[in-house]
Amino acid sequence: MAAHQEKKLAQERKHKTTQNDTQTSQVQWGRAWEVDWFSLASILFLLMFAPLIVYYFIMACDQYQCSLTDPVIDLFTGNKHLSDIWNKTPTLTYRAAGIYSFWVAFQVVLYIFVPDFCHKFLPGYVGGVQEGAVTPAGVVNKYEINGLQAWIITHVLWFANAYYFHFFSPTIIFDNWIPLLWCANILGYTISTFAMIKGYCFPTNAKDCKFTGNFFYDYMMGIEFNPRIGRWFDFKLFFNGRPGIVAWTLINLSYAAKQQELYGQVTNSMILVNVLQGIYVLDFFWNEAWYLKTIDICHDHFGWYLGWGDCVWLPYLYTLQGLYLVYHPVQLGPANAVGILMLGLIGYYIFRVTNHQKDLFRRTDGNCRIWGKKPEYIECSYMSVDGTKYYSKLMTSGFWGWARHFNYTGDLMGSLAYCLACGFAHILPYFYIVYMTILLTHRCIRDEHRCFSKYGKDWKHYTAAVPYRLIPGIF
């Protein structure tokens, strides 16, 4: 009874309106309003060089057997010119354009027109219509969660084709990899540009738009918080999850098929990469409803960073391990294979349990048990753009008492396992762990800056209670 009364009071307080500190909350919640010189320089660098980085990695595999240094050496010694490398690069083809157009259209159909049925027969799975977090303008969007269903349908059709229908070869993705890159870039730039025009001309919710006055920053980081077309097509949820992440496991399967075609076998390292990354992808879709509470949905606006990144950066650079193993098959010894598998599984366990603890804490408003005890927490308050005061609780128990982002620590362990499966002959497959370390460390800092702006002095109390970010006792 006491717990019920406490929950009722919390719900009443959640909608209590106050004007104190409204201006600060309006300015700071969400992405930045003002752009400093370092942010602008970083954005210009990414806009100019991120597409070239993707091209360089894929070209190095196609023309230099995955060596990152040989192209540079060839250019500096005069053995080759840029035109020589470019002229050897496969161009956009009608076949690739047809494949990519069909792929995106198919995922749009699965996303919009096929309501989720998995939640009706899979115990523990949360699908169907779900609510997202409160936006800065106080809006609560609804989403059709059906990513797991889309993944299952897509992969059932893939295997049915591979083993029965034979409409196309399972190596089709690898065989058209660079022509498909041009298609992905076209979509990425098109959707990013459209999102910016939409933000200016016909936003879904004008109060959730942010304009810095800097064209490049607004294009990169986005103007609209939740751009939508119609009732259900949400740009962020679709492009974050589909078509890139659904394709992730298909891309790895295509790599494995190519390895079988070239060498007559699929190595245990390729199997490890497929299994470990497949677990990560399935986890994403099983917990898609939870994803609505993450930084991507709750804080990021939709611009080039997400639009182009999800279309190009994610499918092309997150799958480098499988691509590398096509060119350099690695057969691991039993001890090494088991060690890498255990590292990946332990990393996944930490990642999943940490997120589960947070989700359980949120769903029960702290009325649960973490590691056998009632969780400890710090209560915080924040303001929406209309001056409404809301309350949140930040947990300081379980893995969240070890570090403020211990889920990222597990993610990094899994990322390292993918790379170790490729051996040590080349540095190319290790780009992923380097990138993820930079990305997640930057995300820690970025998220904490937003939380401090959002919660103010309450956030200081939280960081005093949990002083470490990623590694207890170190960082």
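Keep in mind that glycine also has a Cβ here, set from the backbone N, Cα and C atoms.
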Range annotated as transmembrane segment - as stated in TrEMBL, picked from 272-291, 332-351: 332-351
Positions on the same chain near the transmembrane segment (148-165), where near means CB under 8 A and six or more residues out: 106-107, 110-111, 114, 116-118, 122, 125, 127, 242, 246, 249-250, 253, 257, 281-282, 285-286, 288
Intrachain neighbours beyond the transmembrane segment (37-58), with Cβ under 8 angstroms and 6 or more residues off its ends: 68, 71, 89, 177-178, 181, 185, 214, 216-217, 219-221, 304-305, 308, 312-313, 316-317, 320, 323, 428, 431
